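As annotated by TrEMBL, region 'Disordered' applies to 1-48. For 13-28, the entry in TrEMBL reads compositional bias 'Basic and acidic residues'. If you look up TrEMBL, you'll see 31-48 marked as compositional bias 'Polar residues'. According to TrEMBL, the transmembrane segment annotation covers 67-84, 96-118, 138-166, 252-271, 277-301, 322-346, 358-384, 417-439, 460-485, 491-515, 536-557, 569-594. Residues annotated as Na(+) binding site in TrEMBL: GLY73, ALA75, ASN80, SER333, ASN365, ASP433, SER434. The annotation disulfide bond is assigned in TrEMBL to CYS178-CYS187.
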Amino acid sequence: MYTNSASDGDGGGDVRKHESLEMSKELGHTASLQSSPPTTTDTSNKQQLVKIEQLPDRGSWSSKMDFILSVVGLAIGLGNVWRFPYLCYKNGGGAFILPYIITLFLAGIPMFFMELALGQMLTIGGLGVFKIAPIFKGIGYAAAVMSCWMNVYYIVILAWAVFYFFMSMRADVPWRTCNNWWNTVNCVSQYERKNLHCWDKIINGTTQKVCSVSALNITSLELTDPVKEFWERRALQISHGIEEIGNIRWELAGTLLLVWILCYFCIWKGVKWTGKVVYFTALFPYVLLTILLVRGITLPGALEGIKFYIIPNFSKLTNSEVWIDAVTQIFFSYGLGLGTLVALGSYNKFTNNVYKDALIVCTVNSSTSMFAGFVIFSVIGFMAHEQQRPVADVAASGPGLAFLVYPSAVLQLPGSPMWSCLFFFMLLLIGLDSQFCTMEGFITAIIDEWPQLLRKRKEIFIAIVCALSYLVGLTCITQGGMYIFQILDSYAVSGFCLLWLIFFECVSISWCYGVDRFYDGIKDMIGYYPTVWWKFCWCVTTPAICLGVFFFNIVQWTPIKYLDYSYPWWAHAFGWFTALSSMLYIPLYMFWLWKRTPGELSEKIRALVRIDEDVTRLREKMLREAYVKEIEFNSL
């Protein structure tokens, strides 16, 4: 039935309709036996085939480029800009590239390829694909839950970026001076501290530096700067702890609502519409990054920052934490384990060369991370030069880089508001396509599970999901919202949750369904067998890396802190609840399905763990089941 052509041209929707028609012709007789009496006539059979063609349309990519850019948009997110460069500096500069590349080829690219191929192979979202190994369907539910947590917390960063973007649209940025209503008496700019009158003084038996600020004597440890105070006292208006949730920050509630509206209209019409949106959200950030790089490398001190980024320190490679950082960075930055890649791949035509696509996107993703490092560290080097401080004291990652380091650096640039607007607009675009593609993965998984109920009401369903996610996300933009944000970041979407999901996903395909049959399915799609290397990775290295790093994270686990604040026990308990809300789905679903399935041990294994069908017969079976469901739904 399937050709060996690996054509990469356009017209995915027409090809999909053709494939559906061919499958319908093949299944007509079998389907009629399941839904009609044995005396079915040719006329009734044709009517049933028409009903197959009337199944709600899933949609498909309009062109090859739509798909490529959507996957690029998903994979290239905030982690490429604010985490990868810092990890390079922290873990030996250029030496970190070695564990990064090794991990990339042993686990990152293999899983990226597997997820895209799995979705394209079965033409269904993250829940339906586990018909390939039914007992592992809990992975799909776990990924859906984790996607929910991800959708709630990740978009908060974009709301902060939009707030900074709007605050930058004025004659000067508001975090330049200490003369604002939110500033304290301890506020002194980093660039003005060299002009303070300071002296050493013995306090409680230790020598400390004391400075005269506004007729007050303040120790250097008590000094703050306008950038930090704008972030904590103006943007967040942060409370003293998670016990003090405080009021909703209505300005942030407005920017959060704006980002959710943008997200909704990026996906509401399906992948044909999304495929057009990503032409802007995936490509324009490269224009902004290039502009920022050109400006950055022309600044004094930029070379020192870049040296810190790229000069290798191979002694760091003996530290196990370096390798752990490489694994977690790759899994998060490549969008693995959440079912999103499966969903995006499922909208491809069956004969698309997904192997080539995976290699292209992985190359673009990692290259972007390295490119962004030059952008960030050229600015950090300039900032260290202006403050007369070592680069090591200035380097930061995460929100600290986006909302403290870079805003501080633009203070010394002519036209500070313009550079600030460009940076935060870039953050918005980089994060937005990752957000709405993750949303698309969740929506696809749910709608494909209940297509008769939801596919015709997709726009309403997406609106409900966005509205509920917005309401839950309001907890993260209260005055105590940063503490909740940190809990979700460290537990609900943590590295050990992701490793848990990816381990079982890899094992379900390579060991349970069988890597040889999966390779046969790939050959049906692209016309040839990929190199045997990916078999080795799927069967050995990827599961081993996931399992090893998972247990290392558990053993090395320490309670999280926000700066010097220690969370109460009940906050950690809530954190573990959010983590287990996804992780426990896998073993609990296995236990439930095994108990409710009748038969002997060997029969259960053949039905639940290692099914008999190859990819061709499995696709036929899935279409037949969809047809029967449609008949049952229409008969209600």
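Placed from the backbone N, Cα and C atoms, the Cβ positions cover glycine too.
TrEMBL does not curate its annotations; it predicts them automatically.
Everything TrEMBL records as a feature, shown here on the structure.
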residue : record             : contacts (Cβ under 8 Å, 6+ apart)
GLY73   : Na(+) binding site : VAL278, THR281, ALA282, ASP433, SER434, CYS437
ALA75   : Na(+) binding site : PHE112, SER333, TYR334, GLY335, VAL361, CYS362, VAL364, ASN365, SER434
ASN80   : Na(+) binding site : SER333, ASN365, THR368, SER369, ALA372, ILE430
CYS178  : disulfide bond     : CYS187, VAL188, SER189, PRO226, GLU229
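Counting Cβ pairs under 8 Å that are 6 or more residues apart, the transmembrane segment (491-515) and the transmembrane segment (138-166) reach 3 or more and are in contact. When other Cβ atoms within 10 Å of the Cβ of ASN365 (Na(+) binding site) are tallied across all protein chains shown, the result is 24. Summary of the Na(+) site environment: with the site residues GLY73, ALA75, ASN80, SER333, ASN365, ASP433, SER434 set aside, the chain residues having Cβ atoms within 8 Å of the Cβ mean position are VAL72, LEU74, ILE76, GLY77, GLY79, TYR334, GLY335, THR368, ILE430. Between the transmembrane segment (322-346) and the transmembrane segment (96-118), three or more CB pairs separated by 6 or more residues in sequence fall under 8 Å, so the two stretches touch.
Sequence-distant neighbours of the transmembrane segment (536-557) (same chain, 6+ residues past either end, Cβ-Cβ under 8 Å): 103, 105-107, 110-111, 114, 320, 324, 327-328, 494-496, 499-500, 502-503, 506-507, 509-511, 515, 518. Against the transmembrane segment (417-439), stretch 138-166 has more CB pairs under 8 A than any other of 67-84, 138-166, 277-301, 358-384. Counted over residue pairs 6 or more apart, the CB atoms of the transmembrane segment (96-118) and the transmembrane segment (460-485) come under 8 Å in fewer than three pairs, which marks the two as apart.
Most Cβ neighbours within 10 Å among the binding-site residues SER333, ASP433: this distinction goes to ASP433. For the transmembrane segment (67-84), the partner stretch with the most Cβ pairs below 8 Å, chosen from 252-271, 277-301, 460-485, is 277-301. Away from its own ends, the transmembrane segment (252-271) comes close to residues 59-61, 66, 70, 155-156, 158-160, 162-163, 166, 235, 277, 281, 344, 347, 428, 432-433, 435-436, 439-440, 443, 458-459, 462-463, 466, 469-470, 473-474, 477 of its chain (Cβ-Cβ under 8 Å, at least six residues beyond either end).
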